[in-house]
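Enquirer: Provided herewith is a single structure, encoded as structure tokens, for subsequent inquiry.
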Amino acid sequence: MEAALKKLNIALQEAIDSFEGPLNQERLNELQTTESLPNKEVWSLASQTIDLADKIIHRLQPPSLQLAESFLAYLDTKCLWAAVSHDIPDLITAGGPQTVQELAKKSGLQSIRLKQVMRVLHNNGIFEYKPTTQKYSNTPSSTLLAKDHWTQWHLWVDLYGNEHYKAAEGIPDAIREGQTRCAAQIQYDTDESMFRYFARNGLQEKFHKTLGAGAVAQAPGMMADYNWGELDDAVVLDIGGGGGDFITSLLREHPSMRGGLFELDSVIEMVRPKYRDASGEFADVGDRMVDLHVGDFRVEVPAYEVYTMKWCLHNWLDEDVVKILSAVRRAIKVTPRARMVVVESVLKDGRSSRIWRFGDLTMMAGANGQEREEEDWRGLAAKTGWNIHSISPLRNAWAAAIDLRPC
């Protein structure tokens, strides 16, 4: 065992050393930047490396520490929210590397307590700490958390570190036999769906703003890694399209494409000014949004040639997904390029895919929903008159593009 560990340590140190130097740092930056997409082969290899390294950790880490990392993980969440809510990433972005005392003074915090929070975060790779100067600087991860960063990931830290955090406390009760409420309904003491509850309690805009920001942040991979060019002049209906960020990204990427949005009445009411007002956020594509539809997509959808659904079917169990896919299949205008592109997670094992497993639990807790494995998607397609033409991984996105064609 000792010889194997020594050999492993040497190999790992050699690998770390091989990453040093300007040229290799440039390749590493390709994986970590949000300004461009990484090379596909490097991205795929990096995912394999992450999975292998995680297997080594699981083999070597004492069982009690494996348990502790799970039951103490809530501290990671709240430390991250503490830093974001007190603008620590923004202060470093504006002022460069700073000591904890400098950061505490600017943010009105206790330096000893901020130090405790920052110690957790920099050991998680969020912020960098240099002992020689005792200063903190931003890493590629913490840079994303600045309020003016185009990806707006700070919104996710807020929504998931607070509203979804509270919802998750209901998971133990939600999984009991006979329980019909999801975890969020238990914790918020309501029988309404979370979408209706959030709308009634002033949280709808926060919810859709957060998911919309995620769509924008992950749009480069969503746009590049599926062949949308085949649909350049199509009219695309985005079903359950939320705040409209995804269909807007598509229209901006493809100037000849036109679009529509299908949502709940409260969401369409919120979205309409974005497209129809001259100063609206999406006014630049407003003339290419042919309609904003209200309805229940489990029953009926308008007839289009092409449909998209992003991060929507995971809100529903199989019985309802069958209804939704069947409704779209009945409505679709069958042409050689007719299709429905579902942008959703495809569950699999391994560290590099764990964000999709977190998504699975989030859907369970918030909507009584679930993410799915590839065989699940194929089974649902076969039941509802579709063939899966392709499943395309999307770089830097928490989903794949599942291309359904009518059969």
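Any Cβ shown, glycine's included, is placed from N, Cα and C.
The structure displayed is predicted, hence computed values, not measured ones.
Pulled these features from Swiss-Prot for this protein:
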BINDING   Glu263, Gly295, Asp296, Phe297  S-adenosyl-L-methionine binding site
ACT_SITE  His314  active site, proton acceptor
Enquirer: Pick the one among the binding-site residues Glu263, Asp296 whose Cβ has the fewest other Cβ atoms within 10 Å in this structure.
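Expert: Checked Glu263, Asp296; of these binding-site residues, fewest Cβ neighbours within 10 Å: Asp296.
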Enquirer: Identify, in sequence order, the residues in the chain of the residue listed as 'active site, proton acceptor' that are 6 or more apart from it along the sequence and have a CB within less than 8 Å of its CB; answer 'none' if there are none.
Expert: Glu344, Ser345, Gly359, Asp360, Met363, Ala367, Gly369, Gln370, Glu371, Arg372
Enquirer: Across the listed S-adenosyl-L-methionine-binding residues, Glu263, Gly295, Asp296, Phe297, what is the farthest Cα to Cα distance, given in whole Å?
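Expert: Those residues reach a largest Cα separation of 8 Å.
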Enquirer: Please report the number of other Cβ atoms within 10 Å of the Cβ of Phe297 (S-adenosyl-L-methionine binding site).
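Expert: Excluding its own Cβ, Phe297 (S-adenosyl-L-methionine binding site) sees 25 Cβ atoms within 10 Å.
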Enquirer: Per DSSP, to which secondary structure element type does the residue listed as 'active site, proton acceptor' belong, with helix, strand and coil as the options?
Expert: helix
Enquirer: Taking the mean position of the Cβ atoms of Glu263, Gly295, Asp296, Phe297 as the S-adenosyl-L-methionine site, which residues outside that list, in the same chain, have a Cβ no more than 8 Å away, listed in sequence order?
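Expert: In sequence order, the nearby non-listed residues are Ile239, Gly240, Phe262, Leu264, His293, Val294, Arg298, Val299, Val301.
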Enquirer: Around Gly295 (S-adenosyl-L-methionine binding site), how many other CB atoms lie within 10 A of its CB?
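Expert: Its Cβ shell of radius 10 Å holds 16 other Cβ atoms.
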